[in-house]
Amino acid sequence: MAVEEEGLRVFQSVKIKIGEAKNLPTYPGPNKMRDCYCTVNLDQEEVFRTKVVEKSLCPFYGEDFYCEIPRSFRHLSFYIFDRDVFRRDSIIGKVAIKKEDLQKYHNRDTWFQLQHVDADSEVQGKVHLELRLSEVITDSGVVCHKLATRILECQGLPIVNGQCDPYATVTLAGPCRSEAKKTKVKKKTNNPQFDEVFYFEVTRPCSYSRKSHFDFEDEDVDKLEIRVDLWNASNLKFGDEFLGELRVPLKVLRQSSPHEAWYFLQPRDNGSKSLKPGDLGSLRLNVVYTEDHVFSSDYYSPLRDLLLKSADVEPVSASAAHILGEVCREKQEAAIPLVRLFLHYGRVVPFISAIASAEVRRTQDPNTIFRGNSLTSKCIDETMKLAGMQYLHVTLKPTIEEICQSHKSCEIDPVRLKDGESLESNMENLRQFVDRVFSVITKSGVSCPTVMCDIFFSLREAAAKRFQDDLDVRYTAVSSFIFLRFFAPAILSPNLFQLTPHHTDPQTSRTLTLVSKTIQTLGSLSKSKSASFKESYMAAFYEFFNEQKYADAVKNFLDLISSSGRRDPKSVQQPILLKEGFMIKRAQGRKRFGMKNFKKRWFRLTNHEFTYQKSKGDPPLYSIPIENILAVEPLEEESFKMKNMFQVIQPERALYIQANNCVEAKAWIDILTKVSQCNQKRLAVYHPSAYLNGHWLCCRASSDTAAGCSPCTGGLPANIQLDIDGDRETERIYSLSSSYMSKLETMQEACGSRSVYDGPEQEEYSTFIIDDPQETYKTLKQVVAGVGALEQEHAQYKRDKFRRTKYGSQEHPIGDKSFQSYIRQQSETPAHSM
């Protein structure tokens, strides 16, 4: 879901590593320890929560989180909570990073001091205000200046303890006066529409002929200001909660025209002062924020076409895609957008086959084949992550969940054994888990995605052709990816592959480490199994599996997934779990009588049906076949005064659902839309609001079967595994190429040097793989030209946007301290990425 701007789409995403907290304040009790967790928030909306780390003042989280950001935001915030079993969890402190400051910490481990949390630290939102001066002639013939203050609306106010019933006080304040008025309370909304006008007398009556129109005395206006305070009406004994304030000096009204603008709410001037840094501890984070500005598809045609023909270039090292891998500092930087682009256009197998064959030809020892972090290895890794994730889940998730839930001790290192544990019993537990994992993997070959099988076939053929005397190389070329880079890492760190929601506990993590090591060795088909382990206890344990049947099972599996023309007969028939989780749904009114209330339910989506049940594992209460989903669209907040709602439209009715946050709502809408995209009866129009009290709230039509009044969005690809935007990936490649332009130019110089000089070359030139200098130079020239053309388009867009930008508009409210930073970014830095 992109934020639409004139002429382009803006995509925001963030990748976060939450490391650890240190030196948290002690608990005021005899135990002194705390049970803490960390949340990730867009402004104050929670989008992710870590597991609870018990009894620690230095909790280690080690959790990763990635999301596409579906809306604008000002701060990326992190809150450390102390869990309380009997009361509401208490906040220890927070880290708030301004959006414009995220680039300062880009992809760097950084320690942040925790800050205190109070009403002033939580201020957010903006107010639409209009001020107008008017003259009133009294009965005695004198003139009074009166100020009309109109508060129209607010947006994005903070939600306090799960509710927001806001009202505003409007005060005309000066050295010798303070006159306050109050709006009505708006219930259950943090986007209140007030539209109330308040009048204040701002000058003493004076003769009409004394001064010109609106020429009131300077000492009056210079010392007066309008202050708007937002409050949350509360029934608690502690009184109403402060939400924020703004102050407008009346100097802005020296012109005859009215003043109308948006303002950001600010904390109070006399707000509570935070304690000195370090009092609350610190939090280690690594944040990567990306913002892509994507033009329409035709802008990218030259660069995209150049990239897509990479597989056909001879030699492949002279292709645009291979050149990108050469200039990037990390091969993975290039591999991620390249693989996604090639998958989108069906060119990933030819490209990987070409670069793999070239790498095999350069390899001298069959024992080191595909063992480095080359562009080939990184591209295959990325392909397996994208195309093989559902396969991985179907194969491993049930067994991984069983291991996590069993809590059986599998420690076989005599030094690590706990008191009372039996080495023989632990070894048997571990053997059973390894056998189970090995069995599900080697029996899963028929389910391996076709694109992976086609790549494995090309690896097998290239390796066998290069090392004809080594009969095992056709297996090791494939096992180095499917076992060493796919299954073994997923077993070792299941949370990174969404097999578990969080990091596992230390005992389970140790078990998975031992299982992963054994599976990796079994899959490698190493001739000397015992030498594969540094630890003697692992070598002893491996004797359980030193039988020919294990090697035969691995070879049969590798033969199956690397066979030419193999297709997956289960790809359509087999139910695949796509997404599941708790959400809140509104009763659909299937019964004639009964309340249409809201209930928390466990939702489950497969490629066959969308169901909900009371709890995970319970029988379904209701099922919607995928073919009956006619549209999936957002539901306007005003329908039920609830955020993050969407609707799943069926032939008879719509199912209204509330997700936990905006990120989760986007994820559900996207996956439901994708899986139902090919339905023949999909709607073209829908109702963006609910049908309540005998009419649609959006168009006021009275019939519940009335045709929709707004066009459906849709437009996503039908492939349930892959949601790839080709233009966005080309934009990312442009961004990378632009940032590495100096290395592209150096590579051009290296091509020229090699064309005319055969002697020793400069050290910086020797890092590039250049098999054909003339062909490589030709491609480089085209890449530089394509990047330059896009650079000009971005520069023109920045200039146009700069001219349109208005301080005080809804997009750039007054009081935004980042506005000058925004102006500087628009005039100095590239617009394609932050």
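Every residue, even glycine, has its Cβ placed from backbone N, Cα and C.
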In Swiss-Prot, HIS687, CYS698, CYS699 are given as binding Zn(2+), so which of CYS709, CYS712 is in that site too?
CYS709
Students should find that the zinc finger stretch in Swiss-Prot, chosen from 272-308, 420-456, 679-715, is 679-715
Env. residues of Zn(2+) site, Cβ within 8 Å of mean position of HIS687, CYS698, CYS699, CYS709 Cβ:
PRO688, SER689, TRP696, LEU697, ARG700, ALA701, ALA706, GLY708, SER710
Work out the three-state DSSP category of CYS699 (Zn(2+) binding site).
coil
Hey, of the recorded positions listed (ARG371, HIS687), which one tops the CB count within 10 A?
HIS687
In Å, rounded, how far does the Cα of THR110 (phosphothreonine) sit from the Cα of TYR66 (phosphotyrosine)?
18
Between CYS699 (Zn(2+) binding site) and TYR66 (phosphotyrosine), how many Å separate their Cα atoms?
38
Site of maximum Cβ density within 10 Å, from binding-site residues CYS698, CYS699, CYS709
CYS698
Helix, strand or coil at HIS687 (Zn(2+) binding site), per DSSP?
coil
Taking every protein chain in this structure into account, which of the modified residues TYR66, THR110 has the most other Cβ atoms within 10 Å of its Cβ?
THR110
